[in-house]
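In what follows, a structure is listed as structure tokens, so that the remarks can point back to it.
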């Protein structure tokens, strides 16, 4: 029972943050198109966001450990809320700054929350380490469900209610505020080991170059991610001229992703014994 209470406390903060993130997926390109920007200008805005994620991703773990995991989660709620508000502006440089803030927020979303959970699980509550996988597995399941629902929700506000492509970004803000408030009220602060950034990067580079498997895995992952990012950029301008409901299409993508995850888990289960080699 104590573990389940602890889990629920984590999900109350983490799941609204994920929902806010997914809501912004279907209509980002459409919003920039609505503001009359050219395809090349939109591409630069996308690159600003991706480059920002890379740069902040390098320092996010050190930043989170020094600042505190709880404070970092609250910072995420603040920066992502500002990023959403910025979408109301039609100024190109303001929108570019918003994309940079979005990159910082993404880096925090995929580092601070899990780091906080692992520390509390092991250090404060002393639950069995193997239970961590249970929590993250359920979080992954709900992440997929939320992603599917977010597409339909975004479509409802943007198209059905006729509020336009900026509406899903505004709907994200209350969820981000809710996540930040729950973190402030219910979470205790914890910190990581303070390591020099140069040492962290040096250790990572040494691991990358000393083990051929790590280098190959990183290369394959980078190539896969590049394909995904190209797809993320192109799917809206390809489908939108045909009148496709973007939110519903997005939900379809997320449902397919959830199906792929389910098939993988089934394939490596004891019943089928398929293993990656």
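Placed from the backbone N, Cα and C atoms, the Cβ positions cover glycine too.
Please treat TrEMBL annotations as automatic predictions, because they have not gone through curation.
As annotated by TrEMBL, transmembrane segment applies to 41-60 (among others).
If you look up TrEMBL, you'll see 100-119 (among others) marked as transmembrane segment.
If one looks beyond the transmembrane segment (131-154) by at least 6 residues along the same chain, the residues whose Cβ comes under 8 Å of a Cβ in the stretch are 3, 7, 10-11, 14-15, 18-19, 22-23, 25-27, 114, 117-118, 121-122, 167-168, 171, 246-255, 257-258, 261. Annotation comment: TrEMBL describes 131-154 (among others) as transmembrane segment.
Beyond the ends of the transmembrane segment (166-184), by six or more residues, the same chain brings 12-14, 16-17, 19-21, 23-24, 26-27, 31, 34, 70, 73-74, 76-78, 80-81, 84-85, 87-88, 153-154, 157-158, 247 to within a C-beta distance below 8 angstroms of the stretch. Among the features that TrEMBL reports, transmembrane segment is placed at 166-184 (among others).
The feature transmembrane segment is assigned by TrEMBL to 214-235 (among others). Non-local neighbours of the transmembrane segment (214-235) in the same chain are 29, 43, 46, 50, 207-208, 249, 253; each lies 6+ residues outside the stretch with a CB under 8 Å from one of its CB atoms.
Nonlocal intrachain contacts for the transmembrane segment (247-267), taken as residues 6+ away from its ends with a CB within less than 8 angstroms of a stretch CB, comprise 22, 25-27, 140, 144-145, 147-156, 158-159, 168, 235, 239, 274. Annotated transmembrane segment per TrEMBL: 247-267 (among others), in sequence order.
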